[in-house]
């Protein structure tokens, strides 16, 4: 097992990565809880696979647990489903020190964290991510939210977990499409600030797709280490943390425009990263050969590289709800070379139109 620490001015918490971590949930989680009571929040896909193992481990460590099982999918990341968590907390007479344990992917983690941030103005919570995307990205860093019909993650809070458990073994049951979606977020780290890691990913696609445990351990560790370092510098996304949104301005627009859940988050980010790279190319910041390498890596990993065919006005309306908008102006994370990105304001519509029309014609 590998243990990383994320250190912030007001808190510090461990990220445990390895095989068999879920069965050690009790010993790894209990020391971080202020009270020996917890609500496990999971979904109807994960529950039959991992709920009892998680619950038994926590109870063996003296943590009394209740459970709420939510419907699976991005389409349920809303107020109605969030209220199911609050109803369960009320039914169990939860207190401010009662912990919430997120057992699931990014949707479960985001909603559980937001519920914890809201419950009696702040309750402890734990992340036990069961998807690759959640293990390498959404479970680390304290971003919590639900969606609004107008946009992705529009309603939320920064609320850090007490501990994160990333069990590589649970990835064995992940559907291929969801596994590939997680790889998009892995590759993102190489693109924003780690060229050697990007090159390693290019070489390791077969091993990653085969879910080789050594390759997965390295991918998850590097991703979490990079995210922990960035969040440690900029918890509330006032500066460098914005770089983690590479591909997300386009990607969130795709998710909202198609309807949440039609494309997986990682699929939308993959297409968004290609659009960001092609925008940078049009602006003269990125070589065409680098764009081709990005596209090739994503295609090898069974990820989409062509966005929906929408008019520019539709894109601009959808992207106008992006959380990086400042002073009414869109801001994009764009690569200027492989392994390096920067935040750009004032990207001309002529570049966006050319890139989007180019993709539509493809």
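Glycine is no exception: its Cβ is also placed from the backbone N, Cα and C atoms.
Under the heading NAD(+) binding site, Swiss-Prot lists 72-77, 106-110, 130-131, 143, 152. Under the heading Zn(2+) binding site, Swiss-Prot lists 185, 248, 265, citing sequence analysis as support.
Features per Swiss-Prot, on structure.
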{"residue": "72", "record": "NAD(+) binding site", "DSSP (3 states)": "coil"}
{"residue": "106", "record": "NAD(+) binding site", "DSSP (3 states)": "helix"}
{"residue": "131", "record": "NAD(+) binding site", "DSSP (3 states)": "coil"}
{"residue": "152", "record": "NAD(+) binding site", "DSSP (3 states)": "strand"}
{"residue": "185", "record": "Zn(2+) binding site", "DSSP (3 states)": "helix"}
{"residue": "265", "record": "Zn(2+) binding site", "DSSP (3 states)": "helix"}
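The binding-site residues shown are 185, 248, 265; of these, the one with its CA atom nearest the CA of residue 74 (NAD(+) binding site) is 265. Here residue 76 (NAD(+) binding site) comes close to 70, 107: these same-chain residues lie at least six apart in sequence, with C-beta atoms under 8 angstroms from its C-beta. Every protein chain considered, the tally of other Cβ atoms within 10 Å of the Cβ of residue 108 (NAD(+) binding site) stands at 31. Inclusion criterion for the binding-site residues 72, 106, 108, 110, 131: a C-alpha placed within 10 angstroms of the C-alpha of residue 265 (Zn(2+) binding site); this criterion is met by 106. Annotated Zn(2+) site 185, 248, 265; additional same-chain residues within 8 Å of its Cβ mean position, judged by their own Cβ, are 133, 137, 184, 188, 247, 251, 266, 268, 269, 272. Separating the Cα atoms of residue 110 (NAD(+) binding site) and residue 248 (Zn(2+) binding site) is a whole-number distance of 16 Å.
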